[in-house]
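If you check TrEMBL, you get these features:
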| type | residues | note |
| --- | --- | --- |
| BINDING | W49, Y143, K276, R403 | substrate binding site |
| BINDING | G109, S110, D247, H311, T312 | pyridoxal 5'-phosphate binding site |
| MOD_RES | K276 | N6-(pyridoxal phosphate)lysine |
Amino acid sequence: MKVNPIHTYTWVPLTIQEEEESILGIVKAEAEFVTDSEGNRWIDAIASWWTMIFGHRHPRLVAALYKQMEELDHVMLAGHIHPAAESLSKSLLELTNFDFHKVFYSDNGSNAIEIALKLAIQYYQNHPDLSPRSEFLVFSNSYHGDSIGAMNVSGKNYFNRIFSDLRFPTKEFPAPNCKHCPWGKVASSCSTECLNDLELEIKQKNYVGIVIEPLVFGANGMLFYDQKVLVKLRELATLTHTLLIFDEVFTGMGRLGTAFAYQKAETKPDILVMAKGLTGGMIPLGATLVSEFIYKQFISKDPYRAFFHAHTMTGNPLACSVGYASVQLLKEVGFELVKQLEVSLQNRIEPFQRKLGKRIENVRVMGGIFAFEYQEKIAEDEYLNPVGKRIRERMKEFRILLRPLGRTIYITPPYSISETSLDQIFLALEQTLLEFP
Ligand SMILES: Cc1ncc(COP(=O)(O)O)c(C=O)c1O
């Protein structure tokens, strides 16, 4: 297939520079489709990295953007406020049933994580009765972004090993993996044995916080785990006055069926981080939601207790107005769409497994996520397993956009994807995988 190489001047990310990977030129998009520079229509099966949850250029988001453009494009948020930021903050807090008290904006998931880490550290600095803390508890399969701080609290892996000298100290624990529980437990017999070491550690030493992606470790393997883990972490965090930080950059805004994963798990973090789905895939935006008891430690006339963090485009009105429209859509139709999508994905597990047999394993669905592993195992880093790239390239011939994580293949379509498009994705996956050895 001929693909238009329109990337002469742009350094395309996550791309090995001297490699024969075709770079696809995209010029248009609508609903779950993107159109390449030769006029071919493709299905965006992972919602452009999980962002455009209602499809590309949803008319409600486009309308919100136009309306906002006619009123206010941007004003710095330091010392100012505008209706778009206030409306979005209120609607986000409502979505959490006011489990949180304030919304702090940024412009992507990594920055929203940086803000969570800095707020958490400063909380201890500001607190009159607590001594400063500086170390975080993290998990091996987690991914929290590519900026230095976010990388630091992510699992140590192929992506960040080069920068290991820049790390501030963290204590990493193996990610809970309920499908292959090292203790051989199932949900009914599980006593969160996977947290035993963490429990010992957190009771011995003061940590700033526990940072975790609730219920699903996304970019580092699409690993699902039981909500009991989060309930136990909550208990340990409360006991030791450690802050619990949930990174819902991926799971938030309905991806798992509830507005946020923490609601599905019936436990609450102290800080909640979101981005991706909040943007509707249109304008970059991140948000860090903070509990009242944390915010209280920043209420002071003392400038040294203020939180000095801002990005130039923080709280951009265009981004906030699209975010607000995205939240409204989620409430109006989003939850119902994810429910239908989940049923449709569940119904596809059995026939998919029947057709592909031992070629695939651990087929799983949660909300709007369908994931499985291709059988081929290699010793080196899973992400570098070449099978992922081979599958991605072959799927291009069916005009389906996928980004497997090594041998972990997943689809995370917009909630609004049609059954016809899902049929096409599954047919292409089956044909591709049946051809493989
Ligand atoms: C759970 C999680 N946190 C943080 C990030 C970083 O977000 P961004 O790419 O917007 O910086 C990602 C990105 O994939 C993510 O999946």
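All positions are counted from 1 along the displayed chain.
Glycine is treated like the rest: Cβ placed from N, Cα and C.
Note: TrEMBL annotation is automatic and uncurated.
Fair warning: this is a prediction, and the values are worked out from it, not measured in the lab.
Here the binding-site residues are W49, Y143, and the one whose Cβ sees the fewest other Cβ atoms within 10 Å is W49. Note: the substrate site is recorded as W49, Y143, K276, R403; in the same chain, I46, W50, G218, A219, F250 also have Cβ atoms within 8 Å of that site's Cβ centroid. Ligand 1 lies under 6 Å from the Cβ of none of the binding-site residues H311, T312, R403. When the binding-site residues G109, D247, H311, T312 are screened for a Cα within 10 A of the Cα of K276 (substrate binding site), the ones that qualify are G109. When the Cα atoms are compared, R403 (substrate binding site) and G109 (pyridoxal 5'-phosphate binding site) turn out to be 19 Å apart. Counting every protein chain shown, the number of other Cβ atoms lying within 10 Å of the Cβ of G109 (pyridoxal 5'-phosphate binding site) is 32. Rounded to a whole number, the distance between the Cα atoms of T312 (pyridoxal 5'-phosphate binding site) and W49 (substrate binding site) is 24 Å. Highest Cβ count within 10 Å among the binding-site residues K276, H311, R403: K276.
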